[in-house]
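Everything on this sheet refers to the single structure shown next.
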Amino acid sequence: MVQFFTASDLTSTGFKYVLSCLCVVFQDVSRTPISEADSHILTVISHLGCGISSLFLAITLLTYLGFDLSLCLSLVHIRKVRRDYPSKILINLSVALLGLCMVFLLDPWFSSFSIYGLCIATGATLHYFLLASFTWMGLEAVHMYFALVKVFNTYVPSYILKFCAVGWGIPLVIVGLVLAIDKDAYGSGVCWLQKDIFFYVAVVAFIFLILFCNISVFILVLIQIRQMKTNNPAVNRHSALHDLRAAASLNVLLGLTWSISFFSFGPGRVVLMYLFSILNTLQGFFIFLFHCLMKENVRKQWKIHLCCGRFRLKDYSGTCKSLLWTASIAF
C-alpha cells in the first residue's frame, strides 16, 4: 500500500528538506522516516535542481519569445495556420514551471517572516503553479493526441486562447475553492496545504488524473509512430538513438517522470526519492536541452542573432526535415 505524508507528517518529518518541487512525497506504510543525511542531500538536490531549471527555463522563454522561430512543422495532417501551436504551448508550460520553481525556492524565505497572510499567499501561489504546470502538461498531451493520433484536421477558432483558459483557469478555480472553503487551508510554518482532505483532493487526485491521461497518450503516440514508420520507409531510416531521443523529449513534455513518486515505497524508497528529485527538479533544464539546444533551427537562430564574425549566419531559410509532429518538437 502506498501512502502520502499527511499534513502533520509533513511538518514533523522535515517536509522542508524533501519538498522537491512537486510538494508530494511518498513513504511506505510503516512510515519509516529517512535519515537526516538523506534529508539534507535531498534538500541540496531539490534547491540546486530548481535553481538550474529556473535559469534554463528563462533562457528557453527568451529564445522563443525573442526570436522569430517558425518551428516549421511539416506534418501533412497539420494545417499551416496551426504550425506554431507547439511552441506556444511550450511557452506556457515553461512559464508555469518557472513560476513553480521560483516560488519553491523563495518559500523558505517567505516562511521565515512568520507572517500568516504572507504564508497563506505563498502556499496558495505554490499550489497554483503546481496545478498549472500539470494542467499544461495535460494540454501538451491533448495537442499531441489531436495532432498525431486522432489527426483532428478541423480548424478550431482561438485554439491557443481556449488552451490558456483551461491551463491557467482550472488551477485558479481549484485554489479559489480551497480558500473559499477554508481561508486558513494553507496554514503557517510550512506554507502549504495543512488538511489532508485538501491535499488528497486538490493535489493528489488532480496529479494522478493528469499523469494517467498523459501516460495513455504517450503509449498511443508511440504506437502511432511505430505504425507510421512501418508504412513510411523514409521515416523508418531513423536510428534507434533518434527514436530514443524522441521518446525522451515526449517524456519531458508530458512530465511522466513525476509518476516515480507512486512507486516510492518499500526497500527502494530512498533510491526512488533521489531519482524523483533529480529528474523532476531538472525538468526545466531538460526542456531547454531537447527544445532549444538539440533543435537545429533554434541553434541557427542563436547564430544569426547572438554570434558575430565568422560564427554568425547571415540568413536561415531551412526547411523542416521531419515528417512527424513529435520529431519536430523533439529536435
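Cβ coordinates are placed from backbone N, Cα and C, and glycine is handled just like the others.
Over the domain 'G-protein coupled receptors family 2 profile 2' (42-295) the predicted model carries a mean pLDDT of 85. The feature domain 'G-protein coupled receptors family 2 profile 2' is assigned by TrEMBL to 42-295.
TrEMBL lists 55-77 (among others) with the feature transmembrane segment.
The transmembrane segment annotation in TrEMBL covers 89-109 (among others).
The annotation transmembrane segment is assigned in TrEMBL to 115-139 (among others).
Packing against the transmembrane segment (159-181) from elsewhere in the chain are residues 82, 85, 88-89, 92, 96, 120, 124, 127-132, 135-136, 139, 143, 193, 198, 202, 206: each is 6 or more residues past its ends and has a CB under 8 Å from a CB in it. Per TrEMBL, transmembrane segment is recorded for 159-181 (among others).
Residues or ranges marked as transmembrane segment in TrEMBL: 197-223 (among others). Long-range contacts of the transmembrane segment (197-223) within the same chain: residues 4, 6-7, 22-24, 127, 130-131, 134-135, 137-138, 140-142, 144-145, 148-149, 174-175, 177-178, 181-182, 185, 247, 250-251, 254-256, 258-259, 262, 326, each at least 6 residues beyond the stretch ends and with a Cβ under 8 Å from a Cβ of the stretch.
Sequence annotations record features per position, and here TrEMBL assigns transmembrane segment to 244-265 (among others).
Look at TrEMBL and you will find 271-293 (among others) tagged as transmembrane segment.
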